[in-house]
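Asker: Pasting the feature list from TrEMBL:
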ACT_SITE  D127  active site, proton acceptor
BINDING   G11, R72, S73, G102, D103, G104, S105  ATP binding site
BINDING   R21, S22, A23, V24, R25, K154, G185, A186, E187  ADP binding site
BINDING   D103  Mg(2+) binding site
BINDING   S125, I126, D127, R162, M169, G170, R171, E222, R243, H249, Y250, Q251, R252  substrate binding site
DOMAIN    3-275  domain 'Phosphofructokinase'
Amino acid sequence: MRKIGILTSGGDCSGMNAAIRSAVRSGLRNNVEMVGFRKGYVGLMKPDYITLDSKAVSGILHRGGTFLQSARSPEFRTIEGQQQALANLKNLGVEGLIILGGDGSLTGALALHNLGFPVIGIPASIDNDIPFTDMALGVDTALNNIIYAVDCIKDTASSHARAFVIEVMGRNSGYLASISAIAAGAEYALVPERDFDLSEICQQLRARYEEGRDNAIIILAEGAGNAHQIADSIKDAIGFETRVTVLGHYQRGGAPTVFDRLLASRLGKNAVDLLLKGEKGLMVGLSNNSIITTSLEDVVKGEKKPHDEMLRLAEVLGI
Ligand code: F6P
C-alpha cells in the first residue's frame, strides 16, 4: 500500500491527535505516503486534504481536539456522497483509510468498506458507547475533566449547604455519569441504564441534611432527564438551595491523559499495520489491555454491554 488517508469525524475528543501522529509515523516508517482529510467526511467528499509528513504531526500529541478538525456530515449518509468520496480517494491514489470517530462515523466507515474500499476504524467518543472495545479514545480524559469540575463544585456546595445537579455528556449512555459519580464520591448518579425514583431520592436528601451533611452532588447523565426540572423538584421537596451545572463541551477538550495518549498511540499504529497486512473492514479496540479487532459490521450492529459491574459498585457505595 503506497498511500493511506486518515480523518476524524463526529464529536471530537482528546487523543485524536495522538492517534493521528502514531498512524502517520507508522505509515512513514513503512514508506507509505500519508494524507489527512479535513473536517471528516466533508473533506473526503470535497476533497480537502493535506500531506502529513513527520513534521506535520509534531507538537500535537499533548493537544486535545483534532488538528484535522471534525464534522458531522448528513451528506455522507447518501450513496451520492459516498460515491463522491470513493471517486476522490481513487483520483488521489489513496489505497486505504483510517477513520476515527463514534458510532455514526464507524457506520460511515462500514459504508465505504461495503463499496469495496479498505478501511480501518478507531473508536473515538467520550460516550464510551461503542461495542467491542473496553474504552474508546477520549473517555478517560473526559472523566478526569469531570472529576476536576465536581471536586471544585463540591467545595462551593459545602460552603453554602447546597445540592448540585451536575449534568454530564454521554448521549444515551450513562457511563460518564456512573464512573464519575463513583470516582468523585457523588451522592447519586442518574443514568438511563437504571430506573430512579425522584421522590425517594428527595426523602434521602432531606434526611441527609437533617443529619447535618452540608452538600449533595447528583450527577445526571444527559440522556436520563432534564437537569433544571430535576433540580426544581429537589429544591421544592427538600427545601434547600439547589443549583445546576451543565458541564457541556468542557468535558471534551484538554490535554489527553496518559491512558488516552497510550491507547491512541497503540490504536493508530495497529490501524496502519492492519492495512499494510491487507486487512480491512475492521475496528481496532481494547480488550483486557490487549489490542483486538472486530468487523465493522459487528461493531455497527452490536450494542455496548451495559457497565453492570460499575452500576453494582455504585449501588454498594450508596450512589
Ligand atoms: O458523542 C459525543 C457527544 O459529546 C455527546 O456526549 C453529546 O451528546 C454530543 O456529542 C454533543 O454534540 P455536539 O458537539 O454536536 O453538540
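Heads up, the Cβ atoms here are built off N, Cα and C, so glycines get one too.
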Asker: Please check each of the binding-site residues A23, S125, M169 and report the ones with a CB atom less than 6 Å from an atom of ligand 1, ordered along the sequence.
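Answerer: Near the molecule: S125, M169.
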Asker: Quick one: of the binding-site residues G102, G104, S105, G185, which has its CA closest to the CA of M169 (substrate binding site)?
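Answerer: When the Cα distances are compared, G102 comes out closest.
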Asker: Taking the Cβ of G104 (ATP binding site) as the reference point, list residues of the same chain whose Cβ is under 8 angstroms away and which are at least six residues distant in sequence.
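Answerer: Correct list: S9, G10, R72.
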Asker: If you count Cβ atoms within 10 Å of each one, which of the recorded positions D103, D127, E187 comes out on top?
Answerer: D127
Asker: How many whole Å apart are the CA atoms of G102 (ATP binding site) and Y250 (substrate binding site)?
Answerer: 18
Asker: Quick one: among the binding-site residues S73, S105, which has the most Cβ atoms sitting within 10 Å of its own Cβ?
Answerer: S105
Asker: Would you report the average pLDDT that the model assigns to the domain 'Phosphofructokinase' (3-275)?
Answerer: 97
Asker: To which of the binding-site residues G11, G102, G185 does the lowest count of other Cβ atoms within 10 Å belong?
Answerer: G185
Asker: Using the CB centroid of G11, R72, S73, G102, D103, G104, S105 as the ATP site centre, which other residues of the same chain sit with their CB within 8 A?
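Answerer: Residues close to the ATP site, other than G11, R72, S73, G102, D103, G104, S105: S9, G10, G40, G101, T107, G108, S125.
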Asker: Tell me which of the recorded positions G11, D103, S105, D127, R243 ends up closest to E187 (ADP binding site) in space, Cα to Cα.
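Answerer: Sorting the recorded positions by distance from E187 (ADP binding site), the top entry is R243.
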